[in-house]
Ligand SMILES: [Zn+2]
Ligand SMILES: [Zn+2]
């Protein structure tokens, strides 16, 4: 490599073959089979279920549990995610997480980020897996020492290939035998489902770094994209994710489509997950407001006679930040006091009332801020 920097590293033929063959069967075989034999609703239902199993094992398991440790999981659920990840053929948990941690740490750095979006759509989508770009660190898992202590992770890493074969042939064939159409099941639930599991995940590395908005940070290429979230079990809110990566949520608002979050949260009600980590709301709101202020400052700085307008906006921003911290601090104090059970009834009533006032002030200031800044958005 030192001798010739322009020469591309060798092709990884196994990966190329898997991607090409599965894609060809999906786009050619599926319509042909649909035309000559047809698929019934049971097969389509199973297809949706299998796609969800593979996809959510990656998002809830590989990504939010293992790569970022945003919550803790019951071993039974870990085993399900480990099997689902092998079913989605996205390498072992250990390897995937190692890549992903480097991606976050060195995001957009073309030499280090394994799927740097700055190297273009094709590279970040799939190209990075087609050649031996990062061979030198292929088995270096020093950034995943914590995962090396996880028995499920190491078991899946050791038996990755047999698990891939067992799930990818076993699940479609078993279903096909029961349902009575083995080839139809292999094509639809084996191949087409796998291709969808692949490319929807790959879109997070490619499209979610190209297409969408940047409400929280412009320090990297990651975007928030509600449409992408629909196909990726909620991972489309990637701008939020890259700034608050330790949060088990990607879509933080109730109206944002994040079924991975819903799964993790509802699993906590039956004891399958615990210690769900959330970013404090004031940090999230402040990140949004600060970025908005920065953008307006930049825009106004090149306009003539804008210094007065700029001054007003900066004042309103300062007022917003102080109302915000007053309110969230009071809220936190009240929660802490409640936890310690130190409050008398009348004290609690007073604090709750004070909190209401602070909340009102904060919301009023937030409305002012949004009205004032909306013309610059
Ligand atoms: Zn991530
Ligand atoms: Zn990313």
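Using the three backbone atoms N, Cα and C, a Cβ is placed for every residue, glycine included.
Here TrEMBL flags 12-35 (among others) as transmembrane segment. Residues 89, 126, 129-132, 183-184, 187-188, 191-192, 194-196, 198 of the same chain lie 6 or more positions beyond the ends of the transmembrane segment (12-35) yet place their CB under 8 Å from a CB of it.
Within its own chain, the transmembrane segment (41-63) has Cβ neighbours under 8 Å at 73, 78, 80-85, 87-88, 90, 93, 96-97, 100, 171-172, 175, 179, 181, 184-185, 188-189, 192-194, 196-197, 200-201, 232-235, 259-260, 263-264, counting only residues six or more beyond its boundaries. If you look up TrEMBL, you'll see 41-63 (among others) marked as transmembrane segment.
Averaged across the domain 'Fatty acid desaturase' (42-265), the predicted model reaches a pLDDT of 97. Taken from TrEMBL, the feature domain 'Fatty acid desaturase' covers 42-265.
For the transmembrane segment (169-196), the list of distant contacts is 22-23, 25-26, 29-30, 33, 37, 39, 42-43, 46-47, 50-51, 54, 87-89: same-chain residues at least six beyond its ends, Cβ to Cβ under 8 Å. The transmembrane segment annotation in TrEMBL covers 169-196 (among others).
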